[in-house]
Amino acid sequence: MKFSLWIGALLSGGAVLAALISLVWTPYDVTALDIAHKLQSPSAAHWLGTDHFGRDIASMLMAGARTSLAVALVAVVIGAGLGVPLGLAAAAMRGRWIDELIMRANDLIFAFPALVIAILITATFGPSATNAIIAIGIFNIPVFARVARAGALSLWQLDYIRAAQVSGKGRARISAEHIAPNIANLLIVQGTIQFSLGILAEAGLSYVGLGAQPPTPSWGRMLAEAQTMVTIAPHVAIMPGLAIVLTVLGLNLLGDGLRDALDPRLKGRSA
């Protein structure tokens with residue numbers, strides 16, 4: 001448990017740190033072109049080399065981390081902000097028409113692959129980081145709704161919840177005061193998973209030209225631009241690919257570690 005938690009925190013924390021640093025500093029201007037030094041291998045001047053426009057890849061990765069992480073994070077906030085209340089409401093009204101309506105709407109969204117929904121939305125309303133956030137956020141809503149509903153249903157049967165009902169507290173108040181805090185661990189773990197999936201989704205959308213648009217750097221767009229240069233300058237494709245893999249791996253390990261740390265049933269096994 002501790003191993004996965006610390007390794008995950010190290011990998012994902014490195015990406016977050018790079019994104020934050022890029023807000024105030026990058027080794028080179030990511031919009032500046034230097035054709036005379038294009039496709040250079042890693043060196044002291046350019047730590048990770050340069051791309052086909054002579055842009056510093058390290059600087060592009062730092063700025064791209066900012067784009068990818070921001071899109072994924074805001075999409076998670078949208079998904080949790082709308083999905084958790086819906087899931088709590090469905091659990092509070094279990095078996096009633098509200099529960100059925102919410103869960104059937106979730107099933108409808110889940111009937112389509114997430115990337116297909118994202119491509120449909122961004123293709124309809126135009127390619128941009130904002131539309132990518134909306135598309136990914138929409139798919140996150142039913143995920144958080146299901147997790148919240150499942151966790152809440154197991155709590156509604158407990159004695160202290162029944163006591164709160166007998167005392168006259170309404171379902172909404174019980175959900176806010178007693179249910180939501182006790183499923184926070186489930187939501188945190190799910191949040192890290194959706195965060196990593198959001199990074200992959202953003203990279204996929206940017207790869208096909210439906211995500212962040214130039215001159216905004218994006219890991220997915222860097223991969224798309226590098227696909228024709230794999231044989232002559234493999235580092236141009238390897239670097240953004242590694243950034244995506246390591247960040248997603250780090251978030252998944254972090255999620256596993258948090259699950260083990262926050263779930264009392266697993267603490268004894270991992271000790």
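Along the chain as shown, residues are numbered 1 onward.
Each residue, glycine too, has its Cβ placed from N, Cα and C.
Keep in mind it's a predicted model, so treat the numbers as computed, not measured.
Summarising the annotation, TrEMBL assigns domain 'ABC transmembrane type-1' to 65-255.
Summarising the annotation, TrEMBL assigns transmembrane segment to 69-93 (among others).
The transmembrane segment feature in TrEMBL is assigned to 105-126 (among others). Distant neighbours of the transmembrane segment (105-126): 132, 134-136, 138-139, 141-142, 145-146, 197, 201, 204-205, 208, 210-211; these residues of the same chain sit at least 6 beyond its ends, with a Cβ under 8 Å from one of its Cβ atoms.
Under the heading transmembrane segment, TrEMBL lists 132-158 (among others).
For 232-255 (among others), the entry in TrEMBL reads transmembrane segment. Sequence-remote contacts of a segment are chain residues at least 6 beyond its ends whose Cβ falls under 8 Å from one of its Cβ atoms, and for the transmembrane segment (232-255) they are 4-5, 7-15, 39, 41-42, 48-49, 51-52, 57, 60-61, 64-65, 68-69, 189, 192-193, 195-196, 199-200, 203, 219-220, 222-223, 225-226.
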